[in-house]
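Q: In case it helps, TrEMBL gives these features for our protein:
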{"type": "DOMAIN", "residues": "287-354", "note": "domain 'Sphingomyelin synthase-like'"}
{"type": "TRANSMEM", "residues": "20-40", "note": "transmembrane segment"}
{"type": "TRANSMEM", "residues": "52-71", "note": "transmembrane segment"}
{"type": "TRANSMEM", "residues": "78-102", "note": "transmembrane segment"}
{"type": "TRANSMEM", "residues": "147-166", "note": "transmembrane segment"}
{"type": "TRANSMEM", "residues": "298-323", "note": "transmembrane segment"}
{"type": "TRANSMEM", "residues": "343-361", "note": "transmembrane segment"}
{"type": "TRANSMEM", "residues": "413-433", "note": "transmembrane segment"}
Amino acid sequence: MAKARVLRPKPPRASSRRLLGFGGLGIAAAAYVGVDYLRYLSPAWHDWLQPALWAALALAAAARAPFYRYWSAELRAALPFLGSIAFMLAAFLCEAISVRFVSAVMGLQWHRSAAPLPDTGQWLLLSLNEKLPESIVNLLRAHVITLHHYLMLFIMLGFSVLFDCIKAPGLGIATRYMFTMAIGRLLRTITFVATILPSARPWCAEARYRIPPHPHPWAQKYYVPYASDSNAIRRVITNDMAYAAVQAYPDEYRPDWGRMSFLVDILRPTPGEGPSWYHLLKKASGGCNDLMYSGHMLVAVLTAMAWTEAYGGWISVAIWLLVLHSAQRDIRERHHYSVDCVVAIYVGILLWRMTGFIWSARDASRARRLAKLDEVQSRLLHAAKDSDIDEIRGLLKEVELAGQEKQGFSQRAILAFAAGTIIFTLSCVLLAFTMTNDG
């Protein structure tokens with residue numbers, strides 16, 4: 001009898017997400033960015049079109065939700081998703097404390113006198129302004145896309161799972177996005193705390209903060225005596241010990257924050273800044289030192305990486321072009337030095353590549369079917385030689401079942417979770433746009 005030929009399962013045919021690859025989601029994303037930019041071109045049209053667009057997208061998602069096939073997978077991804085939220089919030093808290101520290105530790109007088117670092121990227125953009133046509137320069141200066149746009153583009157990508165535009169579960173890619181964001185924020189915090197760099201905008205600290213004019217006691221002892229005297233620097237290097245006498249400075253203000261009083265030395269509060277440490281952190285904003293690397297660019301790059309892996313197509317190329325536009329505008333407007341944007345781009349790419357174990361666009365079910373097929377291949381060959389049709393059917397059934405997700409949840413639990421997820425997410429988006437500046 002001729003040797004039986006074992007056929008591997010064929011990959012699934014192109015689904016609706018491939019049919020939508022050139023339109024659908026990409027057009028919705030482009031429309032969102034374009035309509036929002038109308039605020040500068042035609043505010044009247046913007047005020048009418050933006051609510052209409054968001055209402056249409058929200059209704060489409062709500063109408064599609066009852067027919068979504070992967071709610072059980074979303075329910076399994078819920079706990080990691082909540083864990084990633086907690087991790088990201090902890091990272092943001094750590095970052096906010098550190099931003100306030102580096103902004104206050106040197107004192108207001110240092111911010112006034114510290115010169116910005118020489119930045120060849122800024123020089124290049126200024127030289128291009130002299131050589132490029134005015135229309136191109138105006139396009140480079142335009143606020144086409146900002147931080148909240150990138151966040152909303154990712155939310156749109158996550159919701160597109162309802163239309164089979166990306167691989168389920170949607171909470172899986174959201175978990176990866178927030179986990180990667182948290183890691184990136186922690187690395188950023190370590191980086192900008194390690195070496196304090198002067199801001200590219202010297203007036204920032206005086207306009208934004210109420211910090212003491214003199215340096216922190218730590219800086220008084222370990223930095224100020226050795227900041228400009230080359231002989232003192234040489235001596236402290238040789239002795240490896242702080243030796244200079246500390247000048248007389250005013251005493252530090254020390255409010256009673258109870259159990260959180262240990263933050264007084266880090267946050268350097270001043271009278272009138274609020275009754276608790278939390279009020280100081282709400283004012284931390286983006287800081288007034290140069291924070292290596294750019295947090296805004298990290299968000300932009302992670303959004304672009306998510307779109308590239310999960311969806312691809314022309315819209316992913318367009319998002320990457322917008323990332324580059326955002327980078328040059330951050331440098332042009334001196335929110336960051338060029339190095340901050342360059343580092344954020346390659347750190348974001350590398351971090352996203354490293355967290356593929358959380359969620360990946362690859363078809364895991366197909367991989368499980370192939371692994372099961374390899375496992376039963378010898379038994380399948382024996383069954384074929386023996387012309388045992390029932391055994392062949394049973395083995396192929398095992399292969400097919402290996403690629404299916406286990407349910408494990410009742411239909412009622414899945415429906416309740418689906419309704420809660422849609423209502424909660426849409427409510428958060430609505431509150432973000434009504435209670436903050438553009439989300």
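Yeah, the Cβs are placed from backbone N, Cα and C, and that goes for glycine too.
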Q: Of the listed stretches (20-40, 52-71, 78-102, 298-323, 343-361), which one yields the highest count of Cβ-Cβ distances below 8 Å with the transmembrane segment (147-166)?
A: 298-323
Q: Do you know the DSSP helix, strand and coil residue counts for the domain 'Sphingomyelin synthase-like' (287-354)?
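A: Split by secondary structure, the domain 'Sphingomyelin synthase-like' (287-354) comes out as 53 helix, 1 strand, 14 coil.
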Q: Considering every residue in the domain 'Sphingomyelin synthase-like' (287-354), what is the mean pLDDT value?
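A: Across the domain 'Sphingomyelin synthase-like' (287-354), the average pLDDT comes out at 94.
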